[in-house]
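**Q** Sharing a structure with you now.
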């Protein structure tokens, strides 16, 4: 079970807002990640076929890359790799814009974190139901 992961007690807090004055970053735990630059595409207006975001360490670490996935239809509650050798995976719940991240640190330790990514969708240009979405803060 995901919740039995050893890292749950040390779950990493996330910050989805870019304006830290109105929403301070929590620095509890071993790692702090900032999620920004969320984007996605809904070709039929109801599901994503592409989404991504930037993830950056805010604790002095070197983590700073774009995590993304593409498919004919990205499924809610399914884990997607952030990329080769990243040791990070994500799952997205489109109905609540919820992001779940996990980072495999070792065979015994997995860090887990969650956040909500508010976003705005507009016409995408590839038909009446095509939408392009981007994060808002």
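Numbering starts at 1 and runs along the chain as it is shown here.
Yeah, the Cβs are placed from backbone N, Cα and C, and that goes for glycine too.
Annotated disulfide bond per Swiss-Prot: 67-82, 121-133, in sequence order. Per Swiss-Prot, the feature domain 'AA1-like' maps to 28-137; the stated evidence is sequence analysis. Taken from Swiss-Prot, the feature signal peptide applies to 1-11, supported by similarity to another entry.
Mind running through what each feature is packed against?
**A** Residue 67 (disulfide bond) counts 20 other C-beta atoms within 10 Å of its own C-beta, drawing on all protein chains shown.
Listed in sequence order, the residues of the same chain lying 6 or more apart from residue 133 (disulfide bond) and placing their CB within less than 8 Å of its CB are 38, 39, 40, 41, 42, 48, 51, 119, 120, 121, 122.
Across the residues of the domain 'AA1-like' (28-137), the predicted structure has a mean pLDDT of 90.
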**Q** Taking the Cβ of residue 82 (disulfide bond) as centre, how many other Cβ atoms lie within 10 Å?
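**A** 21, counting other Cβ atoms within 10 Å of residue 82 (disulfide bond).
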